[in-house]
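Undergrad: The following block contains the structure, expressed as structure tokens.
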Amino acid sequence: MNSLVKSYGKGLTGIFLALTAVWIAMLIVLPQARMIERAFTYVDRSGDAANLSLEIDRAYTRVFDIDIDLRDLKGQLAADEASNAAPSGGLPTPSLTPSPSLTPSPSLTPSLPAAPSPSLPTPSLPSPGVPSPSLSAPSLSTPSPAPPSPATPTPGVAPSPFAPPQETLPREEIEARIAALEEEKAGLQARIAELEVQEAELTSTAGITESYSAKNFTNMSELHFRIFLSTIVYALCVTLLSFVVCYPVAYAAATAKSANKVALMMLGLVIPYAINELLRIFSWVMILEKQGILNGVLDAIGLIDMQAGEGVRFVASNGAVFTVMVYAYVLFMVFPIYNTIDTLDKNQIEAARDLGSSTWRIHWRVVLPHAKPGIAVGAIMTFMLSAGSIAVPEIVGRGLHPDWFAQVIYRRFFEAGSWNEGAAYSLALLVACIVFILINMAVFRVGIRDIAK
């Protein structure tokens, strides 16, 4: 505090402390307090309120179906009216009459007889000087073709493969169906209004009872509890894989003698993070998909035949999710380890090597003990990020792998509408992360000050 006052003065120090207090209160304390309150608030919905809600949902669904049917029937009715009005539009329709023979034109060579064509109807065009017998024979004239009805496919136009087949109904039956559906819709809307009034009365009185209880935790289903435990195991696996991948990189960067080499390694790690996280996740989907780049490489070397439908669905396993998470959170493990190894006196490594220690023993006895604070920080951040991740398992897996607990929490909040249960699930995951932090600090024998360094 005294150093801040000496460096920035009392005014700037006071502003800095006030903004910090507001930030902590608004973004940490108050949201967590509200989440804890919701988690321990149990909402008991009575049977009448639940039944009313279900009946209202069913009525709304039926109204939606009726609207679709009415739209289709009115479309058929409009098309039928258009087809009936088309011939009276004032445009003359030429009469098509079957001609028993082709009359030779006077200008053509008379020695060529006309070929009989009884099966091909040919329109007879009147000549100024020659009367046409076909025009005076009403029995041979054919009526002009009517425009196609909505149920008849137009010649030359391919029907949509997604369009449902339409049945041709008489006009009277269409009008009767429309009237019946509109009457049913009006009755349902009146019923919905009545049920919503009853639901509001129940909700404001005896429909919902709130009480402080731990039932939001104890009522967790067996399936959700298994997903919770599986998520903890998955997050531990991601943390371990991240350490295995990142420790050699951090050690190589910290012990590199060339500054250019260190800069290139760090740029290689940082540059991908200039891209949005979602784009990085989707890029991995393009690599691991059944028609993706990795299967394309396997097809190129002859291990699979993609033309025959062969391919490995890498995204159907948690291994793909683990891989993408390790890539997404690699910096959170690399930099803490790098910072601690960089402070190690390299003479200790040389002395251990001169005394005949193997590479494995040097890392076990010299490097790892010194890097414990960095490993602890990297493990904490990687575990918490992976345990609470929803983008990676949702995008990479797309239902092809077991759910993570963050996906369950999302559904409780925004699909089930049970915010209190969602808050309880979130609090349970937060407690699990805090327990992991305490265990991590005990295993690595580091304190808050060691981690802060």
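FYI, residue positions are counted from 1 along the chain as it appears here.
Even glycines carry a Cβ here, placed using N, Cα and C.
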Undergrad: With TrEMBL as the source, which of 31-65, 171-205 is set down as coiled coil?
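TA: Of 31-65, 171-205, TrEMBL gives coiled coil for 171-205.
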Undergrad: When you scan the chain for residues with a C-beta under 8 Å from the transmembrane segment (12-30), skipping those not six or more beyond its ends, what do you find?
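TA: That would be 1, 4-5.
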Undergrad: Average the pLDDT scores across the coiled coil (171-205) and report the rounded value.
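TA: That region's mean pLDDT is 85.
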Undergrad: I need to check the long-range neighbours of the coiled coil (171-205): which residues 6 or more away from its ends have a CB within less than 8 Å of a CB in the stretch?
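TA: For the coiled coil (171-205), the far contacts come to 46, 48-49, 52-53, 55-56, 59-60, 62-63, 66-67, 69-70, 73-74, 76-77, 80.
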